[in-house]
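Q: What follows is a single structure, and I will ask about it in a moment.
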Amino acid sequence: MTIANKPLTIAVLGAGAWGSALAIHLSRIGHQVKLWDHNPENAATLESARENVRYLKGVPFPDALSVQSDLKVTLADVDAVLMVVPSQAFREVLQKMHHIMMGSKSHYHLAWATKGFEPETSLMLHEIVQQELGEQISFAVLSGPTFAAEVARGLPTAMVSASRDQQEAQFWADAFHCDTFRMYTQSDVVGVEIGGAYKNIMAIATGLSDGLRLGANARAALIGRGMVEMMRFGDALGAKHETMMGLSGLGDLVLTCTDDLSRNRRFGLMLAQSQRPAEDVIEEIGQVVEGVKAVKAVKLIADKYQLDLPIMEQVYNIIVGQSTAEQAVKELMRRHGRSELEFG
């Protein structure tokens, strides 16, 4: 359950659905968890209700979970920090967190379960960490096919802890492990981050397809060809094919493309059915739709490396208002034939 049977004190930064779910899991299996929300009013509501009524209604907070809005108080005397803030806030929170931590202790364990790219720079999150904290910092990326509601309820779950430092990867795997939660380890940080971000784009694509009632054949084709695109993109950035075929790649892709708990898939469904601008649909969903930010970042990177990523291109065109879902389908089907196994 814990590192050498010793409970840890863990700060979870970000009290949305995913951060709350991970905090609930960690505290339920014996760790002391301090969940941070940057908004004092939200933090007070969470602490008084003892559950996240907005995102995880009916799942009570364990006694070992406390909610804070003061970052310095949250980080006091912790063994480890898990960041689960939106990608656009990642750098700012990282800077503040590290400044506080370095004032109190020389070493701490760092991981994040945020998926996506930094919107302003199109950088992957590990690149931000290396820019801000140095190339030698140890960290882990936690990713895989997961829905917050199911993790919070204690349903069986498997994820990946990726780090170039095997001990760091194992630290987080051990911290999460219990009878209902299995965390595998590996070293391909780039591949794990790409899988976690790219699958959100494909979830939007399958949502658009299903919103147009194009059928199960079309959905399966999008998932299969989306997998090829993800591998092609990963090749350009140094990811391993084996990673793309694992939990953080194929596993997460299938989950988010086929279940309506995925807000990216729901976004695609609503966009196709309503024919409204993307911004209006995002506002109605009321949560961050990471795939919208991811597709803009991937488009910039794809243009830089001259990558052929046709599904991504059409999702991008729809989101920025350059095409409709119906037009995008026609463009994809008009493409010249090619070998199915041509990844480059």
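Cβ atoms here come from the backbone N, Cα and C positions, even for glycine.
Here Swiss-Prot flags LYS199 as active site, proton acceptor, drawing on sequence analysis. Residues or ranges marked as NADPH binding site by Swiss-Prot: TRP18, HIS38, LYS115, ALA148, ARG263, VAL288, GLU290. Swiss-Prot lists LYS115, GLY144, THR146, LYS199, ASP252, SER262, ARG263, ASN264 with the feature sn-glycerol 3-phosphate binding site, giving sequence analysis as the kind of evidence.
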Q: Which site among TRP18, ASP252 has the most other CB atoms no more than 10 Å from its CB, taking these as binding-site residues?
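A: When each Cβ's neighbours within 10 Å are tallied, ASP252 leads.
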Q: Using Cβ atoms only, which residues of the same chain lie under 8 Å from SER262 (sn-glycerol 3-phosphate binding site) while being at least 6 residues apart in sequence?
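A: Listed in sequence order: PHE147, ALA203, GLY207, LEU255, THR256.
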Q: What subset of the recorded positions GLY144, LYS199, ASP252, ASN264 lies within 10 angstroms of TRP18 (NADPH binding site), using C-alpha positions?
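A: The recorded positions passing the 10 Å Cα test: none.
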Q: Looking only at TRP18, HIS38, LYS115, ALA148, ARG263, VAL288, GLU290, the residues listed as binding NADPH, what is the longest Cα to Cα distance in Å?
A: 23
Q: For the sn-glycerol 3-phosphate binding residues given in the record (LYS115, GLY144, THR146, LYS199, ASP252, SER262, ARG263, ASN264), what is the largest pairwise C-alpha separation in angstrom?
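A: Greatest Cα separation within the listed binding residues comes to 16 Å.
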Q: If you count other C-beta atoms within 10 angstroms, which of the recorded positions HIS38, LYS115, LYS199, ARG263 is the most crowded?
A: LYS199
Q: Return one of helix, strand or coil for HIS38 (NADPH binding site), based on DSSP.
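A: Assignment for HIS38 (NADPH binding site) reads coil.
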